[in-house]
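For reference, the structure is listed below as structure tokens.
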Amino acid sequence: MTEVIDIQHESSSGTMSGVGTIISSAVASFFEYDTPKIVHIKSKKVGLINRLLQLVIIGYIIGWVLVYKKGYQSTDEVMSAVTTKMKGVAYTNITGEPNLNVKDTTPYNRIWDVSDYVIPPQQTNAFFVMTNMIITPGQSKSECPEDPKIPNAECSGPEDCQADMPIINGNGIMTGRCVNYTYPDGNVTLTCEIRAWCPVEFDEIPVTNKSILSDAARFTVLIKNSIQFPKFNVSKRNILEDSNSTYLKQCHYSSRTDQFCPVFPLDTIAKEIGEDFNSLAYLGAVVGIVIHWDCNLDKSLDNCRPSYTFRRLDNRNALIAPGYNFRYSINYKENDTDYRTQTKAYGILFQVIVSGEAGKFDVVPLILNIASGLALLSLASIMADICVLYLLKKRFLYRQKKFQLVDDIPYEDADDGDRSE
């Protein structure tokens, strides 16, 4: 028992001694001080590495920060307002067209002007052009068979049609009866009868693979874009100062021959995004018109001009719900009976997106960028030290010269020559 106690005592003493050593080392390290030591290395290889690193950093500061990124300028973001005006008239007549899906072509044989195909007349930074449609004229509130294309609309008897219940995604409320539905081609099927605006829409585009308003390709839109850079009190328009009304009536935008004309044929926009206009017009699409202003106000304000780019924003390869469409109706009354003409409008939604930045010389960002660049020069010394101490063949020699350990010796023990008077 006594021997065990002695062993434990010795072990405990050893542990305490180890802890004391760690604490002593930590305290000693806390009260140490490192000071830089200048070592002049006469080596062409080391000198070349250092100068190359300095040149790279100086090149970055001058070439990238100051010249390319204009680090000597203060900047301001653009504030913008956009208005649009469509022009164009078309006449359509689909009577006799092959692949017709409607029996009555009368609603489609007509004149179309801006008031008919621009819906609504004004939008914020956008405009919609109807290029295809399904028209259901003369609807009134009554009872009629549901569209058989609606899921669960077809029936085999009254038991399939629960009275006073809606059909999900349908057009009305079921009456409880199962009745005949006649297709435009004369074929008949059974569907649930509903209370709704009747007759219900036959959801089939009138002409297969062809848009009704294919002539919309030659319609034009005038885009007026007014911008400001409030920080610099600068205002501009995308209509150039030397333009006149005659020029605006005659010019059409072209990325090659007239890149500042603000009048855009719809067919030109389709070509700019690499699309055939009829493929856009058939089921509709969403197209972005990007106006970008990059203005260097250290130069003439006449050089502050917009650039235009175009891109399709929706997924052209979508298999579910492709294109762009919505429904609207025109309501009227005859003999105290409410009627409406419903239109499912397919078309192109144009979103006008404005971006931009202006820059002007300012001494403050210039000084800040130069100062931060000079601070980066210290990286050259750090990288050169890494090469010298860890990569070169003579790294062990350089390391001995670079680091020197000086113990804390009493003042009285120092050589007389090292004492200061």
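Heads up, the Cβ atoms here are built off N, Cα and C, so glycines get one too.
Remember, TrEMBL labels are computer predictions, not curated facts.
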- Of the ranges 12-31, 192-211, 312-331, the one TrEMBL annotates as transmembrane segment is 12-31
- Residue from Lys103, Lys236, Lys299, Lys344 that TrEMBL also lists as binding ATP with Lys85, Met86, Lys87, Thr220, Asn325, Phe326, Arg327: Lys344
- So, in TrEMBL, which cysteine from Cys178, Cys251 is disulfide-paired with Cys155? Cys178
- Using the record from TrEMBL, pick out the residue from Cys261, Cys304 that is joined to Cys295 by a disulfide. Cys304
- Item | Per TrEMBL, cysteine bonded by disulfide to Cys251 (from Cys161, Cys261) | Cys261
- Query: Which ones, of the recorded positions Lys87, Cys192, Cys251, Cys295, Asn325, have a Cα no more than 10 Å from the Cα of Cys144 (disulfide bond)?
  - Reply: Cys192
- Message: Neighbour count first, Cβ atoms within 10 Å, every protein chain included; then name which of Lys85, Lys87, Arg327, Lys344 tops the list of binding-site residues.
- Response: Lys344
- Please report the number of other Cβ atoms within 10 Å of the Cβ of Met86 (ATP binding site). 20
- Looking only at Cβ atoms, how many others are within 10 Å of the one on Cys304 (disulfide bond)? 18
- Query: Judged by the number of other CB atoms within 10 angstroms, which among Cys155, Cys178, Cys192, Cys295 is the least packed of the disulfide-bonded residues?
  - Reply: Cys178
